[in-house]
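Scroll down for the structure; my scribbles are underneath it.
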Amino acid sequence: MLVKLSMEFGSGRTAMVTQGAAMDEPPSRPTWSRQIEFTLAGIGCAVGLGNVWRFPYLCYRSGGGAFLVPYLLMLFVLGIPLLYMELAIGQYTRRGPVHALASVCPLLKGVGIASVAISFIMCIYYNVVITWALYYLFSSFQAPLPWQNCNNTWNTPNCTAHAINGSNFSSTASQEFFKYKMLEQTDGVHEAGTLRWQLFLILILAWILIYLCIFKGVKSTGKVVYFTALFPYVILIALLINNVQLPGATDGITYFIVPEWDKLRSVDVWVNAAAQIFNSIGIGFGSLLAMSSYNSFNNNILKDTLTISIINSLTSILAGFVIFSAFGYMSYLQGIPIRQLAVDGPGLVYIVYPQAFANMPVAQLWAVMFFFMLLCLGLDSEFAMVEVMVTSLMDAFHRDLMNIFRRKEFFVLAICGVACLLGIPCVMQVGIYVFQLMDHYTAIVSIMFLAFFEVIAICWSYGVTRLSANVKEMNGSRPNIFFRVCWLVVAPVLITVILIFSIIQFKPARYEQYVFPSWAQGVGWCIALASIIWIPLGAIHTLWLLPGTLLQKLKLSITPFALNGKSKMPYYERGGPDGHPGIAVISSNTELPEKPLSQTKF
């Protein structure tokens, strides 16, 4: 079979190139069995462990109800428009982030590769959090709960069942269970310690669960999300009904919803609100973009955008009521201010909340429900991140991978196996320090740079006009003026401000009172660069391959492939989606270089 590629230039000349049947044409791209499956998968991807621990902590630190003002504002001017943008690009190109970004802006094709890299790095250590949830889940079937008292072999003389106001005790039973029983943590990153075999075996179990969720692609994922995306809400509502009946719960809820308006004068509060929306929805990670590439071409993008983003934020608020009602109960029992109970990061759900279970009626029941909820929340987000890697590699190297692995299921198994092995340092005794280092330099540092360049590539290089035309072709009408203004002005400005303040206010990684040494911070920057470095490398590679003078290279590198419909997609180097031929239209006022552009592989 011969396929023709037509490229029209501003000079009026047209180059016709013929490619042979050797082109690697992937099979017809699968789609979700039902559109509700994508919606549920999107909700599961966006709603994760961060909704349960990071959002309540930011509310606690940023003035309670006052934080909701910038949070909701950022949702509507940043979160929803950028999610709309990503879903539109994914659904229209029917490709993962690598090929999708390469088609809209060849110069910034590295943004797509960086999305895959950051998702893979995050899935390595994120599954460790799921491992902890499984460990606590198994431990919750004991009576009494192992963190309920200090009569255990791992407890220290300074242990107390719960903090008491004015006491000299240095740690609670739940803290010591987390640190000395489950983690057996060392004194610092310089002490590696030994492998925690129990955690390692549970890590393998966690990856087996992930594999079973995604090994058939959207066909298996679509069935799993009916349970994993919906069941956490049953548990959250049950926990809330139980918590509000406890003494002191009203004080906790009041602390959560009553605003401290003075906090709004702080720039940190606004930056934190934007960052929380950004990280929670997952802009820049490529997960939702990859999953939307399996949508039908005419799927209603705006409907899914509003459903996913609004339910994500409502879940955060619901989790806030659950967490702070428990805080109020603990404050009542211990006689200490609520402000002294909140702990950032994993400590919120693995130290503070288990401490509350210990004093609740039927403690084992609530503990099992809570940690099973964490498991469901974690699984949804985890298999979405793994799917980014699988989708992108299958898009780029389908024929080669099938020659090696024969079946996609074996390839997915290989991805999960490699990620499991790379997660071993996180389940050693030094694991908590490795986890904190990876999280700080990936989720905080890398994602801001990645988001900035993604917005530049799509909103400015590809352009709002083209993006709006794509949406009209799929859904019958252009996005309204609100979205177009947000894409063109508001989102780029906000992302730039967040990036600047993230750089200005950057603080080295630390864990509680432990400050990482300089060499460890250097390792952290290497982790950050593992994803960011692909952006300049991709730009250099594109300019190197393009023909012509430097000025001609630059003009061509920021000129997107024309995406003129589901049957007229760009070739890339592996052929169009569904085996359809594609048309790449590149306009330029420069003369066509001697070397045909079509011979260049991006």
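Glycine residues also receive a Cβ, built from the backbone N, Cα and C atoms like all the rest.
Per TrEMBL, these features apply:
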TRANSMEM  38-56  transmembrane segment
BINDING   Gly44  Na(+) 2 binding site
BINDING   Ala46, Val47, Asn51, Ser280, Asn312, Leu377, Asp380, Ser381  Na(+) 1 binding site
TRANSMEM  68-89  transmembrane segment
TRANSMEM  110-138  transmembrane segment
DISULFID  Cys150-Cys159  disulfide bond
TRANSMEM  197-215  transmembrane segment
TRANSMEM  224-241  transmembrane segment
TRANSMEM  269-294  transmembrane segment
TRANSMEM  306-330  transmembrane segment
TRANSMEM  365-390  transmembrane segment
TRANSMEM  410-435  transmembrane segment
TRANSMEM  441-460  transmembrane segment
TRANSMEM  481-502  transmembrane segment
TRANSMEM  522-546  transmembrane segment
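What TrEMBL annotates, mapped onto the structure for a quick look.
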| residue | record | Cβ contacts under 8 Å, 6 or more apart |
| --- | --- | --- |
| Ala46 | Na(+) 1 binding site | Ser280, Ile281, Gly282, Leu288, Ile308, Ser309, Ile311, Asn312 |
| Val47 | Na(+) 1 binding site | Ala229, Pro232, Ile311, Asn312, Thr315, Leu377, Asp380, Ser381 |
| Asn51 | Na(+) 1 binding site | Ser280, Asn312, Thr315, Ser316, Ala319, Leu377 |
| Cys150 | disulfide bond | Cys159, Thr160, Ala161, Ala173, Glu176 |
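Highest Cβ pair count under 8 Å relative to the transmembrane segment (522-546), across stretches 38-56, 197-215, 306-330, 441-460, 481-502: 441-460. Listed stretches 224-241, 269-294, 410-435, 481-502 were compared with the transmembrane segment (68-89); the greatest number of C-beta pairs under 8 angstroms is found for 269-294. Within 8 Å of the centroid defined by the CB atoms of Ala46, Val47, Asn51, Ser280, Asn312, Leu377, Asp380, Ser381, the record's Na(+) 1 site, lie the Cβ atoms of Ile43, Gly44, Cys45, Gly48, Leu49, Gly50, Thr315, excluding the listed residues themselves. Counting Cβ pairs closer than 8 Å to the transmembrane segment (410-435), the top stretch among 110-138, 269-294, 365-390, 441-460 is 110-138. Here the transmembrane segment (197-215) has Cβ contacts under 8 Å with residues 127-128, 130-132, 134-135, 138, 182, 221, 224, 228, 379, 382-383, 386-387, 390, 408-409, 412-413, 416-417, 419-420, 423-424, 426-427, 431 of the same chain, all six or more residues outside its ends. Recorded stretches compared: 38-56, 306-330, 441-460; the one with the most Cβ pairs under 8 Å to the transmembrane segment (365-390) is 38-56. Here Gly44 (Na(+) 2 binding site) comes close to Val225, Thr228, Ala229, Leu379, Asp380, Ser381, Ala384: these same-chain residues lie at least six apart in sequence, with C-beta atoms under 8 angstroms from its C-beta. Between the transmembrane segment (481-502) and the listed ranges 38-56, 224-241, 269-294, 306-330, 441-460, the one holding the most Cβ pairs under 8 Å is 441-460. Most Cβ pairs under 8 A with the transmembrane segment (38-56) among the ranges 110-138, 224-241, 441-460 are made by 224-241. Nonlocal intrachain contacts for the transmembrane segment (306-330), taken as residues 6+ away from its ends with a CB within less than 8 angstroms of a stretch CB, comprise 39, 42-43, 46-47, 51-52, 55-56, 59-60, 68, 71-72, 75, 79-80, 83, 162, 233, 236-237, 239-240, 243-244, 246-256, 277, 280-281, 288, 338, 341-342, 348, 352-353, 355-356, 359-360.
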